[in-house]
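Student: Dropping the structure in here first, questions after.
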Amino acid sequence: MAHRPRWTLSQVTELFEKPLLDLLFEAQQVHRQHFDPRQVQVSTLLSIKTGACPEDCKYCPQSSRYKTGLEAERLMEVEQVLESARKAKAAGSTRFCMGAAWKNPHERDMSYLEQMVQGVKAMGLEACMTLGTLSESQAQRLANAGLDYYNHNLDTSPEFYGNIITTRTYQERLDTLEKVRDAGIKVCSGGIVGLGETVKDRAGLLLQLANLPTPPESVPINMLVKVKGTPLADNDDVDAFDFIRTIAVARIMMPTSYVRLSAGREQMNEQTQAMCFMAGANSIFYGCKLLTTPNPEEDKDLQLFRKLGLNPQQTAVLAGDNEQQQRLEQALMTPDTDEYYNAAAL
């Protein structure tokens with residue numbers, strides 16, 4: 001494997017300080033070297049277990065510590081999840097992400113999670129989960145079930161992290177990413193813009209991600225969605241150009257990673273989203289629901305794609321791509337359901 005130089009904080013800071021149009025030009029050049037600039041990967045996220053999370057993440061309406069009006073729900077039945085995955089595939093998604101509001105999954109739930117992964121894979125979709133902290137054995141079980149991606153965000157820089165979360169250390173997050181990688185699962189990890197962090201903190205976040213032994217295959221960049229009842233509900237709005245800069249720097253630093261427009265896209269007008277795609281974003285969560293916050297409606301996404309000449313990327317799951325794939329092919333029931341979130345994001 002060719003040696004990959006490590007980034008320094010001063011190098012990343014210099015990128016953030018570049019004139020915006022110069023930065024966008026560089027990011028677009030990098031993007032075109034590694035991706036078809038007209039292709040956008042489309043994912044759908046389903047909250048398979050909502051609310052009552054014991055963590056204290058100050059941005060999150062799912063924390064049991066804040067009164068946000070969110071009604072807690074138990075882990076969904078496997079067939080309910082698979083019904084949602086079918087609809088997601090029919091709507092054009094190629095990756096189905098399942099998120100649970102936990103500090104970590106309980107052993108009693110692992111068999112259900114494995115069945116969910118196996119069922120999603122059998123449909124020809126990529127499977128992704130975000131379940132909190134994992135043990136080595138849990139990561140391996142999910143890998144054996146066929147899980148393609150595991151999402152576990154770093155959220156912000158190590159220096160600012162303690163201002164946002166105290167119930168889980170930064171090192172615990174890094175340890176989970178290492179366990180996921182060691183199990184053979186692709187890593188999805190990014191952060192949030194708008195927590196009250198400085199530009200240096202944004203640089204520090206991207207530095208951590210890019211300097212991992214292997215950078216994440218997927219890097220979600222979220223804009224804070226301010227939810228009444230959370231400690232960050234009154235934070236200042238994020239300047240659109242600052243967000244676009246973050247996308248561009250992420251693209252330059254991690255040229256082969258998918259950079260995803262995630263939470264907060266509902267707050268962006270078409271022009272801002274277009275500039276994010278120009279800056280190198282090439283993945284979105286699609287549809288009407290972003291876990292517990294709104295996301296642009298599907299038809300609006302498709303209209304924007306048409307205006308910009310973008311196309312949803314075809315599924316990356318190929319025959320034989322996963323050792324479990326042939327074993328996972330099985331007849332699946334296809335009842336209709338309305339209990340489904342056709343979009344997403346962490």
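Cβ atoms are placed via backbone N, Cα and C, with glycine included.
Copied straight from Swiss-Prot:
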- 38-256: domain 'Radical SAM core' (DOMAIN)
- Cys53, Cys57, Cys60: [4Fe-4S] cluster binding site (BINDING)
- Cys97, Cys128, Cys188, Arg260: [2Fe-2S] cluster binding site (BINDING)
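Let's see these features in context: how buried, what's close, how far.
Tutor: For the domain 'Radical SAM core' (38-256), the model's average pLDDT works out to 90.
Its own atom aside, the Cβ of Cys57 ([4Fe-4S] cluster binding site) has 23 Cβ atoms within 10 angstroms in the protein chains shown.
Other Cβ atoms within 10 Å of the Cβ of Cys97 ([2Fe-2S] cluster binding site) number 32 in total over all chains. When secondary structure is read from DSSP and collapsed to three states, Cys97 ([2Fe-2S] cluster binding site) falls in the strand class.
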Student: Since the record lists Cys53, Cys60, Cys128, Cys188 as binding-site residues, which of them has the fewest other Cβ atoms within 10 Å of its Cβ?
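Tutor: Least crowded of the binding-site residues Cys53, Cys60, Cys128, Cys188, by Cβ count within 10 Å, is Cys53.
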Student: Arg260 ([2Fe-2S] cluster binding site) has how many other Cβ neighbours within 10 Å of its own Cβ?
Tutor: 28
Student: Provide, as an integer number of angstrom, the distance between the C-alpha atoms of Cys57 ([4Fe-4S] cluster binding site) and Cys128 ([2Fe-2S] cluster binding site).
Tutor: 22
Student: Can you grab the distance from Cys188 ([2Fe-2S] cluster binding site) over to Cys53 ([4Fe-4S] cluster binding site)? Cα atoms, rounded to a whole Å.
Tutor: 21
Student: Taking just the CA atoms, what is the gap between Cys60 ([4Fe-4S] cluster binding site) and Cys128 ([2Fe-2S] cluster binding site) in Å?
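Tutor: Cα of Cys60 ([4Fe-4S] cluster binding site) to Cα of Cys128 ([2Fe-2S] cluster binding site) measures 20 Å after rounding.
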